[in-house]
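Take a look at the structure set out below.
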Amino acid sequence: MPTPRALVLRAPGTNCDAETAHAFRLAGAEAQSIHIQRLLAEPALLDACQVLCIAGGFSYGDDLAAGRVLGGQVRLRLADALRRFRDAGKLILGICNGFQVLASTDLLDLEDAHGPLATLTRNDSGRYEARWVHLRTAPSNCVFLAGIDRIELPVAHAEGKFVARDAQTLASLEQGGRLPLRYAAADGGEPCYPANPNGSPAHVAGACDASGRVFGLMPHPERFVDPTQHPEWTRTRSDAAGAGLALFQNAVRYFG
Amino acid sequence: MLWEIDVHPSTDQPDRDAQRLIESASATGFTVPAAATARGYLLESAALSREDVQRIATALVVDGVVERGVAAAVGDPALAAAPPSRFADDGSVRLITVLLKPGVMDPVSQSAEQAIAELGYPGVAVHTLRKVWVDGLDRDRAVRLAQTQLANDAIERFQLEPLSADHFTASSGYDFKLLRVELAGLDDAGLMRLSREGQLYLQLAEMQTIQAYFNELGRSPTDVELETIAQTWSEHCSHKTLAGRIAYRDGQREVRFENMLKETIFAATNELRRQWGDSDWCVSVFKDNAGIVRFDEHDNLCFKVETHNHPSALEPYGGANTGMGGVLRDTMGTGLGAKPICSTDVFCFAPPETPADSLPAGVLHPRRVMHGVVEGVRDYGNRMGIPTVNGAVCFDPRYLGNPLVFCGNVGLIPHAMSFKQPQPGDLIVAMGGRTGRDGIHGATFSSAELTSESESLSGGAVQIGNAIEQKKVLDALLTARDRGLFTAVTDCGAGGFSSAVGEMGEEIGAEVWLDKAPLKYQGLSYTEIWISEAQERMVLSVPEQHWAELQQVCADECVEATILGRFEPTGRLRLLYHGNQVADLPMDLLHNGRPPVVREAVYTPPTPAPLVAPARDDYTADLLAILGSLNVASKEWIIRQYDHEVQGGSVVKPLVGVGQRGPGDAAVVRPKLDSRRGLVVGCGINPRYGDLDPGAMAASAIDEAVRNCVAVGADPARIAVLDNFCWGDCEKPETLGALVRAAIACHDTALGLQTPFISGKDSLNNEFSHLDADGQRQTIAIPPTLLVSAMGQVDDVASCVTMDLKQAGSALYLVGHTLDELGGSHFALVGGLTGGVAPGLNAERARGLYTALHGAIGQGLVRACHDLSEGGLAVAAAEMAFAGGLGATLDIDAMGESASLAAPVRMFSESNARLLCEVNTADTDRFEAALAGFACTRIGEVTQPDELVIRSGDQVLVRSGIERLREAWAAPLRW
């Protein structure tokens with residue numbers, strides 16, 4: 001199998017594309033950052049790659065709502081190309097703003113005939129929150145989380161609270177293995193704020209589609225691929241690579 | 001036709017903005033039993049139908065899961081109706097609508113217009129607004145609430161009546177008419193009146209020089225010529241006070257400076273570079289937008305810290321927002337364009353508990369200022385993706401009318417791109433945002449707004465930034481730089497095109513076609529175009545053969561680029577508007593024509609007064625009080641709102657230790673993801689010492705900034721510093737004298753520490769005048785405030801150290817001399833003590849100590865290291881303990897030659913050049929050997945019981961559990 005190619009999508013205001021491409025390269029992929037303008041002009045660029053990652057930042061300033069404007073472009077103008085991409089068994093990852101973008105499209109299977117099943121909205125604190133969190137995984141077929149039980153990663157967002165349309169919808173998404181990443185308390189107990197940094201019901205930090213190949217998450221795995229990125233690395237002096245690298249390695253391994 | 005879409009939280013969702021309003025209203029004396037909020041979008045288009053508007057609302061604007069939309073034509077009662085279920089009784093509910101004033105940047109409108117066009121509705125104009133419904137206030141109280149809590153008069157207006165317009169007023173055009181200003185025959189009083197009323201702010205000698213110049217030419221200046229001279233000669237652009245002639249005396253000596261900054265601070269750097277010879281690592285100092293030093297084989301680092309005080313006093317959010325935006329443009333305009341890597345922000349505020357009814361008229365409450373400033377910096381830095389990694393906040397009642405906002409940024413730039421040289425014949429190209437009336441002093445206008453009446457923009461200097469516009473400019477700029485498409489770049493800061501083109505064309509000459517500038521709206525005069533300070537604009541010097549490629553690079557990034565003129569080798573600045581010449585000035589007049597002014601500076605030291613520290617059996621309460629004092633207390637509320645990890649290079653974060661619960665000394669960032677080399681950012685500021693001795697304040701600030709960097713592992717041989725002087729009115733000889741004394745201390749300290757200043761920026765006239773209750777004029781001057789920002793380097797970030805205690809059983813070493821220096825200390829502050837001596841500095845000895853300590857850190861002998869600053873030894877030990885979740889026991893009788901000092905002096909003195917180090921007991925011999933020849937005392941040990949104990953022999957002076965210490969530190973600013 002040739003080296004998988006990852007396409008890291010950026011738009012005006014995206015600002016995590018360089019370190020995200022770096023993380024894919026560390027994991028063994030070829031990675032290229034590409035502007036939405038270029039992709040809109042030439043959607044066939046997707047045919048040559050295996051992973052599409054929508055990177056974090058403030059696409060179009062998050063004006064109107066986080067990820068909304070880019071999500072609209074993706075939905076209106078890349079619908080066919082992305083359906084083909086997904087149906088070809090390829091992977092789509094949305095990190096932070098990328099998750100917010102995915103949530104404004106139909107790629108996460110988060111809508112039905114009555115409209116969206118869930119959304120990402122303002123943190124309960126009412127503020128932007130930049131802090132490290134503990135996360136645990138829930139059983140799922142999510143490709144990116146294979147083999148991961150618990151992980152620490154940083155979050156940095158103001159609109160990361162995952163809210164489902166109603167309690168029944170949330171329960172059904174949970175039971176369907178569609179909410180595979182959850183905020184957790186360091187001691188294993190119930191994660192109150194700030195362990196759950198945004199107040200998401202059921203402590204949801206990420207969601208995937210029914211196939212497990214499209215995944216969006218609020219935490220930033222690309223910010224923990226080097227041991228010195230962990231906030232307590234001077235206490236442990238561990239040489240192990242950052243745990244976030246595993247998500248990117250899972251993507252590469254999927255095509256191995 | 002004018003439509004409105006209002007977005008409300010769904011009835012089953014909380015209305016957080018309303019809750020926050022009720023809380024902040026309550027804190028300032030308003031009882032608001034219930035409130036509701038919505039954000040609104042006004043859509044103007046002749047083509048939209050009701051169904052179209054509904055579709056736009058559903059598809060783009062309203063989040064169907066948590067929000068509820070109301071879409072209707074403006075004037076429809078449905079838009080004014082109080083949201084259901086938020087109020088017990090709708091009868092007494094009032095609606096307040098808040099709109100931006102004409103010409104104020106509305107970044108959301110641009111994205112919204114684009115997104116609506118992509119949905120299939122081109123040509124829709126969008127404006128945003130906010131709506132608030134409140135209960136329980138009569139009309140007067142509602143107006144008062146709107147004035148103090150909802151709308152800032154500098155940028156916003158509000159109304160209590162529902163909107164009724166059916167279109168945005170079309171902007172009026174502009175008919176060209178060349179304006180001249182009559183100078184001939186004006187006497188001195190007339191010249192000064194013109195200077196004041198024209199907002200030129202020039203001094204008499206300067207006005208006389210201009211008058212003489214035009215008399216000789218036999219013509220009067222045009223308005224834009226006069227503006228250009230005023231801008232170029234302004235304090236902001238030319239630093240004429242500090243870089244000018246000063247006659248200084250302080251009782252011991254009299255010095256006459258031709259250029260004060262050059263002969264003090266620059267001189268020290270020049271001397272150090274001379275000493276270093278071939279190993280000089282400074283690249284460009286005091287020349288470009290930022291100072292540049294060498295980083296590694298391929299890249300240099302640049303560093304600049306700007307102040308944005310006056311705009312932040314008027315409109316804290318916009319002032320701080322554009323302060324951050326402006327310093328990022330400084331980085332982007334350094335050399336051929338540097339890439340911003342990380343930011344540092346330092347703020348000075350009046351205490352947030354200042355009673356609301358004690359505020360002079362025209363002063364915003366410090367709490368509101370703090371919120372606005374913090375959010376303004378946050379929204380620019382986070383959005384552009386530049387991590388904010390370092391900072392400080394200082395509180396003093398004298399910052400009431402003049403809060404200080406320092407925004408700094410470090411950039412990375414390849415060696416070969418570090419210098420700019422515009423060439424004759426190059427095109428002058430403007431890139432980025434469009435030009436509007438933003439930031440034009442005193443402009444009055446009416447355009448592009450709802451009402452038909454003219455509005456005057458009261459805060460002409462106030463602007464809102466658009467960070468995404470600037471991120472696009474950055475992306476395009478770096479691509480164009482790497483392809484070699486331009487020969488020079490600079491930012492449009494103060495003075496707009498006037499200063500950017502004037503600066504770049506200084507050695508050549510320039511011809512500018514003002515009518516080519518892209519405008520936000522019609523109606524700007526040629527002068528307004530030339531001096532507008534609209535944000536997010538850069539000016540490039542582009543060889544003609546590269547123009548087409550540059551245009552394509554900009555188009556790929558959705559950035560506008562426009563040819564504005566050409567650098568013509570005439571030595572003159574010529575401005576044209578549709579072919580009409582509106583200005584023709586020699587560059588030499590602009591850059592060398594300003595008459596020198598000699599200023600008097602006098603420094604008289606305050607009469608010495610002893611400070612007697614009270615003798616007590618137990619100082620635990622003093623320690624807790626210092627930990628909870630505002631300058632020392634945790635700034636977590638601010639830190640967590642700033643993305644400090646974007647770009648992926650974070651190594652040492654602002655908060656460190658177990659659960660990130662301790663204050664780090666300096667931040668460490670790895671700017672290149674494929675390299676282990678790190679950069680270190682620290683700062684020093686302590687205006688309290690300045691009240692006793694501005695020289696001691698300067699030396700202490702430099703030492704603290706350097707010490708912070710050394711504490712985390714920076715190489716003391718590679719630390720560069722910046723100065724920011726924020727002072728009062730320097731027309732007063734005593735005020736200027738204090739500044740000169742500080743500058744002289746900067747020179748001496750820089751030489752002693754061998755730490756070069758590479759750039760700086762001053763902000764003078766930070767005084768606020770008002771009439772008190774008796775009608776008497778009162779003036780509050782800020783305390784003389786020097787911020788020193790330090791940028792260090794570390795070969796391999798793996799050698800870095802943090803301040804949290806790591807393991808019980810380790811030895812604790814106090815490094816450095818402790819002296820009786822409680823003057824200006826936090827022990828004095830919380831105890832209400834005055835007098836005493838501010839900390840001094842033996843800079844040569846400090847340099848040696850830092851070099852030795854750096855050697856020990858490099859050998860891996862130091863497990864934790866914390867610099868001693870506010871609160872001295874006791875506070876440093878407490879912070880290290882609670883950050884590490886471990887206890888510590890210290891015996892201050894083991895302080896070597898300082899052991900004879902009174903116990904409170906030993907615990908709380910703020911003597912410089914001291915650090916507390918944790919050392920593994922197996923390494924103590926090697927650590928002591930590394931520090932041989934310097935004060936280095938084994939003073940205690942790390943303990944398992946999580947308790948801090950400080951004793952003097954058998955007598956316990958401090959005993960406290962670490963959670964109690966931490967809580968005292970964490971609670972005061974936990975907002």
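Backbone N, Cα and C define each Cβ position, glycine as well.
When B:K304, B:K339, B:K420, B:K471 are compared with the ATP site residues B:D723, B:G760 in TrEMBL, the one appearing in that site is B:K304. B:D491 (Mg(2+) 2 binding site) and B:E306 (Mg(2+) 1 binding site) have their C-alpha atoms 13 Å apart, to the nearest angstrom. Between the domain 'Phosphoribosylformylglycinamidine synthase linker' (B:191-240) and the stretches B:288-413, B:423-576, B:634-792, B:807-949, the greatest number of Cβ pairs separated by less than 8 Å involves B:423-576.
The stretch in closest packing with the domain 'FGAR-AT PurM N-terminal-like' (B:634-792), judged by the count of Cβ pairs under 8 Å and taken from B:288-413, B:423-576, B:807-949, is B:288-413.
Across the domain 'PurM-like C-terminal' (B:807-949), DSSP classifies residues as 59 helix, 30 strand, 54 coil.
Cβ atoms within 8 Å of the centroid of the Cβ atoms of B:K304, B:D723, B:G760 (the ATP site) belong to the same-chain residues B:G291, B:V305, B:L722, B:N724, B:F757, B:I758, B:S759, B:K761, B:S789, site residues excluded. Taking B:E306 (Mg(2+) 1 binding site) as the reference point, the recorded positions whose C-alpha atoms are within 10 Å of its C-alpha, out of B:H236, B:R329, B:D330, B:Q463, B:G760, B:S763, are B:D330, B:G760, B:S763. Note: the CA-CA distance between B:G760 (ATP binding site) and B:R329 (substrate binding site) rounds to 16 Å. Using a 10 Å Cβ-Cβ cutoff, B:D491 (Mg(2+) 2 binding site) registers 28 neighbours. B:Q463 (substrate binding site) falls within neither a helix nor a strand when secondary structure is assigned with DSSP, and so counts as coil. Put simply, B:S763 (substrate binding site) is 8 Å from B:H308 (active site, proton acceptor) when counted between their Cα atoms.
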